[in-house]
Amino acid sequence: MDDSKRILITKVLKNEVTEALGCTEVGLIGYAISLCNISYPFSIEKIEVTLNNGSFKNAYAVGVPNTKKYGILPAVVGGLLGNSKNKLLIFNDIKYDQKLEDFIKKRLEVKVLDGPLYCGVKIKDTSGKFFESLIKDNHLNVVIPKIEKEKISLEITDFEKEEYKSLELTDFLNYLDEIPEEIINLVEKTIYTNKNLIKGDFLNYGNDILSNMVNKTTSACNTRMTGENMPAMSVAKSGNMGLMATLPIISYDNLTENNFEKLKKSLLLAMLVTIYSTYNSSYLSSMCGCVSKGGMGAVIGLCYYKNGKNLKKLNSAARAFTANLPGIICDGGKVGCALKLASGCFAAYSSLYVEISHENGIVGKNFKECVQNISKISKAMGDLDCDIVKIMSKKEM
């Protein structure tokens with residue numbers, strides 16, 4: 001492949017495959033809070049957090065690392081106690097303060113707006129001084145305060161995203177022929193980090209290949225969603241998408257060939273496809289991205305592991321997957337996400353063994369058409385978020 005494509009793919013991977021502690025959206029909130037740099041939190045008179053629908057959903061009922069608590073309030077408190085240099089690992093090494101939570105609870109207001117990823121924070125202290133931060137469009141894009149960018153920026157521009165979307169499945173396959181050392185290291189880190197989240201069985205089915213996929217993937221998801229102080233390697237800014245895209249393949253390898261080189265290439269392909277699916281739709285939406293995007297990554301990665309660069313088989317697997325799960329709603333980050341990942345495992349594995357014609361529903365002729373069609377449905381589901389948020393907001397937390 002030409003150098004420009006290889007450079008683009010490498011940059012995208014370095015930007016989109018990152019370590020995250022806890023659900024990405026509580027990390028987003030904590031990071032935004034920490035950017036306000038409040039030296040004495042008990043001086044706060046009022047704190048206002050504005051989130052887009054998707055960020056609100058994902059933070060509302062999910063565990064926050066190092067707090068033993070769930071939801072937006074402990075994420076805010078954790079952010080006040082954390083170091084902004086940790087970014088999405090903001091809750092790493094914090095010592096939670098219950099008295100501070102009781103204090104902040106009376107002064108916190110959460111607002112929700114429609115649109116792309118958004119986390120804005122406004123704080124007023126008792127002296128009348130104001131503090132502000134804003135992260136938008138992606139989880140690390142800090143708009144306020146202005147911070148010094150790294151000399152070599154990893155941030156992906158809109159133009160580069162469009163360039164990535166124009167790539168073909170064959171480009172991703174060709175990239176596997178000569179993988180940069182830094183990307184090999186990134187994939188290996190992903191294997192060890194995500195496997196480390198597997199703690200027992202969330203769903204104990206048995207020891208056949210599919211059951212093992214489900215057991216391992218749901219166990220890791222449950223570990224994340226309950227707020228264990230253990231990082232995951234996120235893909236396209238989602239830890240659960242990272243788990244869905246990688247753990248079924250890791251499990252398959254463990255029970256079949258134990259071929260580390262083939263495993264790394266299969267996982268890398270799964271990551272590339274998951275990112276590709278995300279760029280075609282959005283980071284957050286009314287459709288469950290773990291299933292629709294991470295699941296598409298998993299099925300293509302599994303098919304590559306099993307059949308190599310067989311485009312006929314790869315396109316067939318994409319069609320079968322598209323005929324199955326797309327359309328499942330996202331009602332926020334929570335323990336129940338593990339059950340959706342279980343469905344994703346079943347859909348990904350079964351897609352290897354069935355042929356579905358493109359004449360079925362939204363199924364496309366090939367991988368690219370399938371991703372584009374799922375993306376269209378995802379965007380059309382946008383209005384659902386308002387109703388999902390209304391239902392969630394009525395609950396006592």
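Here the Cβ of each residue, glycine as well, is placed from N, Cα and C on the backbone.
According to Swiss-Prot, the feature active site, proton acceptor maps to C23, an assignment based on similarity to another entry. C23 (active site, proton acceptor) falls within neither a helix nor a strand when secondary structure is assigned with DSSP, and so counts as coil.
The Cβ of C330 ([4Fe-4S] cluster binding site) lies under 8 Å from the Cβ of G54, K57, N58, L284, S285, S286, M287, C288, G289, I388, each of which sits 6+ residues away along the same chain. Look at Swiss-Prot and you will find C288, C330, C337 tagged as [4Fe-4S] cluster binding site, backed by similarity to another entry.
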Distant-in-sequence Cβ neighbours of C337 ([4Fe-4S] cluster binding site), under 8 Å, six or more positions away: C221, M225, N240, C290
Among C23, C288, which are recorded positions, the residue with the most C-beta atoms within 10 angstroms of its C-beta: C23
